[in-house]
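Novice: Grabbed the feature section from TrEMBL, which reads as follows:
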- 1-141: domain 'G-protein coupled receptors family 1 profile' (DOMAIN)
- 26-49: transmembrane segment (TRANSMEM)
- 79-101: transmembrane segment (TRANSMEM)
- 121-142: transmembrane segment (TRANSMEM)
Amino acid sequence: MVTGESKIVNGVYIETDGLTVEGLVFAVHAALTMMSFVGLVIFTIVLVSKIKKKSLWRKSATSDESQHVAMSMRDRKTVVLVITVATLLIVCYIPTVTFSIVTSCVPAFSLQGKESNVFYIAWSFAFITHSINSSLIVLLYYKMSSRYRHTFNQIISGCLRFKSSY
């Protein structure tokens, strides 16, 4: 706890009542992240419904049955990919929101609070989940998108050829 003095902590200028400012910052962070989650869910629902409508329109516009199956399979894979990416992002960012809420409500759970060690461990875990999200998204796209897989393999093989020329 900072009393009667000003100091810089992690690049944030904190006046005498630093815990209040820190709590406010984390509360705003949690609120903005939750609003982003709501927006993500809404836009995912809109995107999925548009994909399904386009699929139905394509199905009615073509008479070839083999194209019906191929298109509907591709559209289904796209819907699954979109929903999985959105769900994965929300699941991996839930710890951040949770720890932001706890930080804003519990004064001991802060940078200088009595539970600062738990604070650092918790936030380290939250940042690890961000990294896991990023890594899983790449793997998910690689598995589900043939175009992404082809481009990725071209880039990697080009890098390997460049590296072996040394």
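Numbers run from 1 along the shown chain.
Cβ atoms are placed via backbone N, Cα and C, with glycine included.
Annotations in TrEMBL come from automatic prediction, not curation.
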Novice: Going by DSSP assignments with H, G and I as helix and E and B as strand, what are the residue counts for the domain 'G-protein coupled receptors family 1 profile' (1-141)?
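Specialist: Helix (H, G, I), strand (E, B), coil: 111 helix, 6 strand, 24 coil.
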Novice: List, by number or range, the same-chain residues at least 6 past the transmembrane segment (121-142) whose CB is under 8 A from its CB atoms?
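Specialist: Beyond its ends, the transmembrane segment (121-142) has Cβ neighbours at 81, 84-85, 88-89, 92-93, 95-96, 99, 102, 109, 148-149, 152.
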Novice: So what's the mean pLDDT when you look at the domain 'G-protein coupled receptors family 1 profile' (1-141)?
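Specialist: Averaged over the domain 'G-protein coupled receptors family 1 profile' (1-141), the predicted model reaches a pLDDT of 85.
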